[in-house]
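Written below as structure tokens is the structure these notes are about.
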Amino acid sequence: MGKKKKPIKFGVTLTSPLWCRSSLQVTEEVREHLKTPIFDNWQWEEAEMLVLLQVMFTDLDFLTDLHIELDVLQNFLFEVYCHYNSIPFHNFRHCFCVTQMMYGLIWMTDIRSKLSKLDLLTMLASALCHDLDHPGYNNIYQINAKTDLALRYNDISPLENHHCAVAFGILSKPECNILKNLTREQYKQIRGAMIKCILATDMARHNEILNKFKTIQPVFKFTNKDHKEVLMKIMVKVSDISNEVRPMAVAEPWLDCLLQEFFNQSDTEKLKGLPVTPFMDRDKVSKPSCQTSFIRFVLLPLFTELIKLFPCLEQHILEPVRHALEG
């Protein structure tokens, strides 16, 4: 999508939810492009990405089917935006990319016909909130540095627990509570499922969750609650690490951002005399080796299992990745 095709023109600054209350137009072409893994996030400003997030919620009929009020959705999205930090990688743009990939997977797999609206909202909201208030230093650092987060959560997924807490802190505000018109039981269901999905993004649990999915995948049933729960975790995890399945021009800058954040952490670890995380050490890590290892050992195994359940993703997802590895 060339920049000349961007359809959103407005003169409201990102200081309040007024960003989405002016007269906005998103073309059908952009709406369709938003459903694909080739969507280029770098062409959009933050205010525009907020508008596109609103489009995702409306086009999945969440507002009508789950009784979400438009102004409440707008307040919620703005609060989410405000709770992402200006750091190299785990920022609001990353939040948008993960949510956009989740949105694309929902459409590409036609999972809309197999899961409830509540399940779909769980996955989209989990993607949106999965890195809220990320400080730019991972769990290993939090634990070694004995930070407040590590102490608060007893060294157990401190960041992911914090992301969940911030998410439901936002939702506790009546003006931001997109879940306020759900029944008590529906709220309990979505809260429990969102916590599980966000906690699943802790890479320390990657093999555990992937192996569980491998076990159930051959006999997978959408009517099985446990199967569905694992799939939802996998969908969020896949969306979280999906940069490398995008076109190279989109994916490459993200790797630079990630390495910058990694190097910032290892520099701080050295400065404070903490154990240096090996895959973040600027003196030991090269960009090509980092990218290749991640694709081979993390991304491909995860996507390969998901594609067994959704063969339609082979062409859109796996072929470009394999091509990139061969190149």
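Cβ coordinates come from backbone N, Cα and C, glycine included.
Feature annotations, reproduced from TrEMBL:
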type	residues	note
DOMAIN	1-327	domain 'PDEase'
BINDING	H90, N91, F92, R93, H94, D131, D240, Q291	AMP binding site
ACT_SITE	H90	active site, proton donor
BINDING	H94, H130, D131, D240	Zn(2+) 1 binding site
BINDING	D131	Zn(2+) 2 binding site
H130 (Zn(2+) 1 binding site) and F92 (AMP binding site), Cα-Cα, nearest whole angstrom: 11
Residues that sit under 8 angstroms from Q291 (AMP binding site) by C-beta distance, when 6+ apart in the chain: E244, L255
Neighbouring C-beta atoms (10 Å sphere around the C-beta of D240 (AMP binding site)): 23
Which of R93, H94, H130, D131, the listed binding-site residues, has fewest other Cβ atoms within 10 Å: R93
Cα-to-Cα gap, R93 (AMP binding site) vs H130 (Zn(2+) 1 binding site), nearest whole Å: 13
Distance from D240 (AMP binding site) back to H130 (Zn(2+) 1 binding site), taken between C-alpha atoms, in Å: 8
Candidate with the highest Cβ count within 10 Å, taken from the binding-site residues H90, N91, F92: H90
Zn(2+) 1 site, defined by H94, H130, D131, D240: further same-chain residues with Cβ within 8 Å of the Cβ centre: H90, C95, V98, A127, H134, T201
